[in-house]
There are 2 protein chains.
Amino acid sequence: MCDICFAERGDKAAVETGSYLMPKYDSDGLIVAVVTDFETNEVLMVGYMNGEALKRTLSTGEAWYWSRSRQAYWKKGETSGQVQTVREVRTDCDQDALVLKVTVGGNGGTCHVGYRSCFFRKVDKSVSGDVRLVRTEQEKVSASIRST
Amino acid sequence: MCDICFAERGDKAAVETGSYLMPKYDSDGLIVAVVTDFETNEVLMVGYMNGEALKRTLSTGEAWYWSRSRQAYWKKGETSGQVQTVREVRTDCDQDALVLKVTVGGNGGTCHVGYRSCFFRKVDKSVSGDVRLVRTEQEKVSASIRST
């Protein structure tokens with residue numbers, strides 16, 4: 001018995017077009033989770049989950065990840081208040097990726113360097129040589145260095 | 001000499017807030033690329049690139065990936081016509097993920113099972129037991145099984 005169960009990986013048709021969540025984990029036991037703003041679809045961050053983090057996310061409605069650098073469970077916003085309330089979870093055709101549509105709590109930021117999205121820089125191809133980045137967000141939502 | 005060069009990984013500040021693209025590849029030499037619709041921000045697919053695929057993408061303006069299953073370069077849309085014209089590339093704070101904002105050619109689809117987005121199913125928590133999925137796209141853009 002478990003409160004939340006994932007079906008065993010089925011055949012190609014069951015995985016690609018079926019009606020059961022059958023997550024495929026990589027060799028480290030992780031699945032990539034793309035986190036987007038529920039209202040705007042903007043990509044806020046990319047995180048990784050193991051099966052337990054995914055179960056915690058689905059059962060609590062708040063996003064949990066597996067921190068690859070710290071090798072530990074990580075509830076986003078536990079210290080910063082930037083809790084992610086999960087409004088919708090999607091998976092893709094081969095079920096080796098997730099999209100989380102979230103509403104961000106606290107000051108509304110996601111990135112630990114202070115911006116709303118971790119993707120606050122875009123490639124600038126106007127300069128030759130090394131590829132340059134330019135900021136797309138001019139204002140930080142917080143000056144905090146740590147927003148875990 | 002190279003037409004497109006990536007800077008060597010710098011210190012934490014250079015990576016997180018600096019002005020040079022310094023991609024971090026995983027143990028397989030790959031970086032995850034989240035592909036979104038340029039107009040709506042909707043997540044269309046998740047792919048993987050090695051350094052060469054990223055260079056081809058930046059130099060041609062059309063998305064190239066590394067197929068993990070086929071262990072080969074893969075220009076999206078080469079056979080299906082669903083070419084991704086890359087309008088913007090972003091990276092995140094630790095530069096181990098990319099977001100591509102694209103315009104999709106051909107019939108406008110992305111998923112090989114025929115839907116606009118590969119993320120055409122969402123988790124349905126209304127049913128107890130195994131986690132169920134429900135479709136979010138009712139209409140396929142194509143009946144084709146292969147849309148590589």
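Note: Cβ is positioned from N, Cα and C throughout, glycine not excepted.
B:Asp96 (Mg(2+) binding site) falls outside any helix or strand according to DSSP and counts as coil. The Mg(2+) binding site annotation in TrEMBL covers B:Asp92, B:Asp94, B:Asp96.
In sequence order, B:Leu44, B:Met45, B:Val46, B:Thr110, B:Cys111 make up the list of same-chain residues 6 or more apart from B:Cys118 (Zn(2+) binding site) whose Cβ falls under 8 Å from its Cβ. Classification of B:Cys118 (Zn(2+) binding site) by DSSP places it in coil, neither helical nor stranded. TrEMBL lists B:Cys93, B:Cys111, B:Cys118 with the feature Zn(2+) binding site.
The domain 'Phosphoribosyl-AMP cyclohydrolase' feature in TrEMBL is assigned to B:45-120. Note on the domain 'Phosphoribosyl-AMP cyclohydrolase' (B:45-120): its mean pLDDT in the predicted model is 97.
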- Excluding its own, the Cβ atoms lying within 10 Å of the Cβ of B:Cys111 (Zn(2+) binding site) add up to 23
